[in-house]
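These notes are about the structure you will find just below.
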Amino acid sequence: MHDSGKPSPTTATNTTSPTIPPKQQAATPQSPAAAAAVSGLDPADDEDETDVIGDLMGHYGKWQLLMTVLLSLFQVPNTFHISSSIYQAANKDFWCQRPAQLQHIPVAIWRNISGSVDNCQRYGGIDWSQVGNDTTLPSEWKIPLEADRKMVACEKWEYETNDNVGNTWTSQWDLVCEKEHLKNVAEMFFLLGVATGGIISGYLSDKFGRKTMLFISAVLQTIFGLWLYICNSFELYLTLRALLGLVSVSVTYSGLILAIEYVDGKWRTIAGMYNLFPLPISYMIISGLAYLTQDYQRLQLCIGIPGIFLCFLWFVVPESPRWLLVKGRIDEVRRIIEAAAKFNGRQLPADYQLTPPTQESSSQDVTYLFRSSYLRRISICFFCIWFTMNLVYYGIILNMSSFGGNVYLNSALAGLVEIPAIAVAMYIITKVGKKWLFCATLICAGVACCCAAITEGHADLLWLKITFLMMGKFTISAGNTIMPVYTAELYPTPIRNVGVGACNVAAGLALILTPYLSLLNKIEGHLLMTLLTAWSIFGGFVVLFLPETAVRAKAANQGGNNANANASAAKQV
């Protein structure tokens, strides 16, 4: 393989037989969605990459619009589940439990007389019964002398009830003091499931079919989501969270691959990317649900129920006709084409033929990502960029409760600013090159996070801090829309699946670390935003080492015969 490492985009393009996008491993609820949306696409040449199925039923029409919109609805419960921890794991004010006869004593006085400064320990060996039911402490009662004080760990706690947070994981399982880290473990288990599912979902979707895996995963997602509502064991709760993350990413992957295989040509990128719009809308909806319920169990019920209705789409949504054709199931393909063509108002020729394409296997593995200077450069760059993007994007989303202000309003605003961010990014990338725009989104996100860090600790500037956070969320969301498209363009078709799958591993590592970012604020108030600033600027700097897509096409055309031969062998039709 030559240093260019790129096949010619025109090599192995087949315009007469169905083009099936190569399988790809997806990453995470928004990043997984974006990654799957461009699975197997080569935007540099997808306008020319049409097939007989698209020619027969239409490259994009009313039928495709209806199906892709219905499939985008599956992103709603996915977004609910990944962002639910913002409210379910919210911190609450707590203190050591007061004796029954001291329930009337103000919390501040109780903390003082019990020596419970950290709310984790109190004085031991004290007979609290000598304190009566009066509204004040008896004058003869004395705080033990320092020499007589013996601190013991609190066994039970009480929690603030008028905090607009309600019952959370913290109050349900006493996740405070030495058990406080278990809140992060619970979220990490979910994201670990997402990372694991991203690795295996591509294989399962290709083997068993997009529709089959979509609805199996959707049913399991609904079952696990509703099971969490009635679960009282924290250990079982952790297991269910991990399983929920695993099937959620499979829903994302299978649904979006199915959506882009319904359309053809240039519409693949567009159909995949407008599936991202339910994500910010879902962020706003769940913030409203959390405010109204203010109980982690009731919220879990609310976000679990929508999956029941989505499962009934089994009777509406067909299997991918392109996947069926590859498997040789011609009769099923004909039925789908005829139904779609009728809905689109197209007349089918009486003698059209459908022939299953011959697929040649490709032996490319992860080592091919490092076999030329070009591939080594873009692979290392994309590993860093995918890690950075997921760390910053989810670092902002999942830590909304630690930024100050009203968590419900902040989360709703974060979803609101993402809608124009996705729209602007989708429009611009069709007009200009992606390199400098992508770089600008990361740098601007870093600047916004830096400004937010500067305002940290100034209560009178909280509004300014939130403003900078929303600016950072806007720019990083735009970058998150561009990233998977840019990645798909720069990797050659034969190893695109391997390349994006490797990038998803880096993204998965970032997801696993994200729940622990909130601990940085306990070390130093400016540390979290400073870290997000540094990573954003680092990611923008790394983008500078990537080629522009036009340069990629030029390099591809200059590739040697070996590169072209590999492309011909690995191109899936």
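Every residue, even glycine, has its Cβ placed from backbone N, Cα and C.
Unlike curated entries, TrEMBL annotations are predicted automatically.
Listed in TrEMBL:
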| type | residues | note |
| --- | --- | --- |
| COMPBIAS | 7-37 | compositional bias 'Low complexity' |
| DOMAIN | 134-551 | domain 'Major facilitator superfamily (MFS) profile' |
| REGION | 1-50 | region 'Disordered' |
| TRANSMEM | 188-205 | transmembrane segment |
| TRANSMEM | 212-230 | transmembrane segment |
| TRANSMEM | 236-260 | transmembrane segment |
| TRANSMEM | 272-292 | transmembrane segment |
| TRANSMEM | 298-317 | transmembrane segment |
| TRANSMEM | 378-396 | transmembrane segment |
| TRANSMEM | 408-429 | transmembrane segment |
| TRANSMEM | 436-455 | transmembrane segment |
| TRANSMEM | 461-486 | transmembrane segment |
| TRANSMEM | 498-519 | transmembrane segment |
| TRANSMEM | 525-546 | transmembrane segment |
Cβ-Cβ under 8 Å with the transmembrane segment (525-546): same-chain residues at least 6 beyond its ends: 377-378, 381-382, 384-385, 388-389, 391-392, 395-396, 399, 402, 435, 438-443, 445-447, 449-450, 452-453, 456-457, 472, 476, 486, 490, 517-518
Taking contact to mean three or more C-beta pairs under 8 angstroms, with sequence separation of 6 or more, is the transmembrane segment (378-396) in contact with the transmembrane segment (498-519)? yes
Output the single range from 188-205, 298-317, 408-429 maximising the number of Cβ pairs under 8 Å to the transmembrane segment (272-292). 408-429
Does the transmembrane segment (212-230) reach the transmembrane segment (461-486), going by 3 or more CB pairs under 8 Å (6 or more apart in sequence)? no
At a C-beta cut-off of under 8 Å, are there same-chain residues at least 6 beyond the transmembrane segment (298-317) that contact it? List them, or none. 67, 70-71, 73-74, 76-77, 80-81, 84, 87-88, 211, 214-215, 218-219, 221-222, 225-226, 228-229, 258, 286, 289-290
Contact between the transmembrane segment (188-205) and the transmembrane segment (498-519) (3 or more Cβ pairs under 8 Å, separation 6+): yes
PLDDT averaged over the residues of the domain 'Major facilitator superfamily (MFS) profile' (134-551): 83
